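So that you can see what the record holds, here are the features copied from TrEMBL:
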BINDING   CYS85, ASP87, HIS141, CYS144  Zn(2+) binding site
COMPBIAS  1-21  compositional bias 'Basic and acidic residues'
REGION    1-33  region 'Disordered'
Amino acid sequence: MSSNGERGRRAELCGSDEHPHPRPHHKQQSRPEANAIAIPTAENDQFAYALSSNEAWAGYKNHQNPTFFPKLAAGQSPSILWLGCSDSRVPETTLLGLQPGDVFVHRNIANVISPTDINSSAVIEYAVAHLKVSHIVLCGHTCCGGAAAALGDSRVGGVLDTWLTPLKAIRRDHAEELAAIKDAGDRAIRLAELNVEKGVQNLLANYVVEEHIRTRNIKVHGVVYDIASGKIRDLRVGNASVMPGAGKEMAAPSKMEVLQGNHGVLIFKEGGSAMTVG
């Protein structure tokens, strides 16, 4: 759990908008020459630019490692099931410094994990029972529009009001604690933390997860991603945080799992997880 001071610094960097939306940038475009070749850019055609970028990326990866794509095509065996928010600023594989094939993913608005949601339940069951992931990571984040909306009393509209019902229930259950937090940004961050804690409780109560914790000791982690710093904060609310050895500086090598990423090393150990940037 973060302190009020830490939460305040994060909230300031989220801006004052209760429902943050990306604002378009309007640039003065110079007129192209009559015979100039139109090269796709993010400004004139975002989809064409994305396709062009994909082609360049695929070419680079193939040049860097000719076996990369053939190995992916042969099958997947990810170690992590990542349950996160649909927010475009929280791309799991990128922020973890990992690669395609490393992380099995489910994302939705405000990273809601509900036992009545058949979509997330199907993903969890497949990842745990069939892919045999070793870790389930539920990730909330700062500057969360869903958390900010759940704190408000006005309707968001349509199905979103129904979807945010679990967050509003958390808000009611923790009304006194949240009311004591004066800054709106700090309140939204705290609600995001509470949402992760509740989601982890639901994961630990999931019968498939429960069975595989018992039979093969999979770990459930609750974390919050700080958009302003790019860093993940382990809330230590999953089953890894209550296992023997929790709180020790470093577990024995046999108790560790290391995932070597493109930009860093993600280490899962007794008592939580940590990432070091290389």
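The backbone N, Cα and C atoms fix where each Cβ goes, glycine too.
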Legend entry - Non-site residues, in chain order, whose CB comes within 8 A of the mean position of the CB atoms of CYS85, ASP87, HIS141, CYS144 at Zn(2+): GLY84, SER86, ARG89, VAL90, ALA110, ASN111, GLY140, THR142, CYS143, GLY145, GLY146, ALA147, ALA192, TYR225, ILE227
Inset, instruction - Please report the number of other Cβ atoms within 10 Å of the Cβ of CYS85 (Zn(2+) binding site). - result: 24
Inset, instruction - Work out the three-state DSSP category of CYS85 (Zn(2+) binding site). - result: strand
